[in-house]
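Data first, discussion second: the structure below is written as structure tokens.
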Amino acid sequence: MKLYIKLVSASIRSRMQYKMNFIFSMVSYGVIMMIDFVLLAAILNRFGQIKGWNIYEVGILYAISSISLSLYRTLAPELHEFEKYIIEGEFDSLLIRPVSPLVLLLSKNLDLSRIGGILQGILILCLSLYGLSQEQELIYIAAYLPVILVCGCAISYSLALFTATLAFWTQRIKDFQTFTLYAPFNAANYPMNIYPGWLKMIFFTVIPVAFINYVPMLYLLQKGGSLYFLLLPIFVAALFFYVSLKFWNYGIQFYHSTGT
Amino acid sequence: MVYWLLFRKSFSRNMQYRLSHLINNAASAIFGFVYIAIWSAVLTGKEQNSPFSIMDMTFYMGASQCILWMTVFLTAGLGIQLGVRNGSISLELARPTNYFFYITSQEAGRIGYNALFRSLPIGLIFTITVGFYIPAHLPTYGYTLLSVLLAVGISLNIFYLIGISSCWTTEISWAHFINLTLMFSLGGQMVPLTFLPGPLSLVAEWLPFAGVVYYPVMIFLEKASLSVLLIQAGWFLVLLLLNQWITFLARQKIEIQGG
């Protein structure tokens, strides 16, 4: 952990050499990400609600999904770009060091521009909580939010690690990422009860994005479920993290250098 | 003809990645299903207040997912910025060809590939699962083809404009990102422009982004008048002339640097 903090702080210092670029990219990223939600708000403003979920409730789902993904993109940009390590043979250089290649990948770089995504998520979350505070008690949601966000980040990271591992066989993973990260997280911005059965089955099992926000919020927003729904995200995040780590350790045995 | 040759070579190069593209098609279809589900949920019981029925929106989303691969998911800056960074643009500008057509014909080859191996399979997935609109009138097919060609023309010009701007800015990633966001939001990919709040809807209908997704889809669905083709053609010509002029300026700038 000490080593990780040291490596990450070095990465932050190097990024801060270009402060204006950092601020501009962070703000632009946040503003641009927000346009999606503004469009959704325009629809809901006209039509009222979406299968029993009003704009503030959808806003909470949207914010949690958005913050979780942005946290992962901030902390693990090299894992996200892992295919370049395989295609260009850079993975060799990580294997010869006396530290786990996964720790090296995580500590090598931080994508601070993605903090803009986190900030826009926090802004939408605050606005949505404020809107809901007129109608119901929010103390339980506020208290449980840190747990939800940690679980959300862990699930995103696990899905990304699983996808990155595929590179040991397929080399390229960009197309898989659309399938395992972009499309599911886009879907997780909205309540799961709007999707047809087969899509719901995917989002509750193999790509478990429903547990990032929908499942705990069902209970916290008093839309159904039981206290047990608050424990499920922790269990699913731990299980998926363990499985993806095992898969990574298995996949790494199949790595072949490019010889370049 | 050299541009036709570049088109064919680019098409063939993309054929190498058919398998991974087929996987991506499934993800594109999931995006479409997500949007269809959102609109079905939003419109259930409220269709009488909407210019689109649930079925209309299903067809709209299916068609827009198909056209995205021909007009929105193009190469960032058409790759021009790479040539600016490594200096190869000076050689490319010196060739006895029109630089604009030299670059865009290569991207057009990729678009041709996308039409066959991305748009068509995605359309087939929607046809099998939720249905795909079949125009009732024969001329609609011709108008749709014309509208799609104009949409491709507008899009190529916008992407080229961003790419050639790298002669002055070097970095275009944020311009590309902003362009994509505008194409998604003001292009009507997720929300048809008629659903946008009043003034924004009015302005958006006159912007080039509407010609990239919204108008071709609306013409295909037989929900737009043919006058929108004039808006598309107008933007295509304006952007084409603008790009010729900016390419002229870029050539002068590069020549001065190399002298």
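Residue 1 is the first one shown; counting continues down the chain.
Quick reminder: no glycine exception, Cβ is built from N, Cα and C everywhere.
Predicted, not measured: the structure shown is a model, and the values here were computed from it.
If you look up TrEMBL, you'll see A:21-43, A:55-75, A:115-132, A:138-169, A:201-221, A:227-245 marked as transmembrane segment.
For the transmembrane segment (A:115-132), the list of distant contacts is 25-31, 33-34, 37, 55-57, 59-60, 62-64, 66-67, 69-71, 73-74, 138, 141-142, 145, 221: same-chain residues at least six beyond its ends, Cβ to Cβ under 8 Å. Of the candidate ranges A:55-75, A:138-169, A:201-221, A:138-169 has the most C-beta pairs within less than 8 angstroms of the transmembrane segment (A:227-245). Listed by sequence, the residues of this chain that lie at least six past the ends of the transmembrane segment (A:55-75) yet keep a Cβ under 8 A from its Cβ atoms are 33, 37, 40-41, 44-45, 49, 106, 110-112, 114-118, 120-122, 124-125, 127-129, 131-132, 141, 145, 148-149, 152-153, 155-157, 160, 181, 185, 188-191, 209, 212-214, 217, 221.
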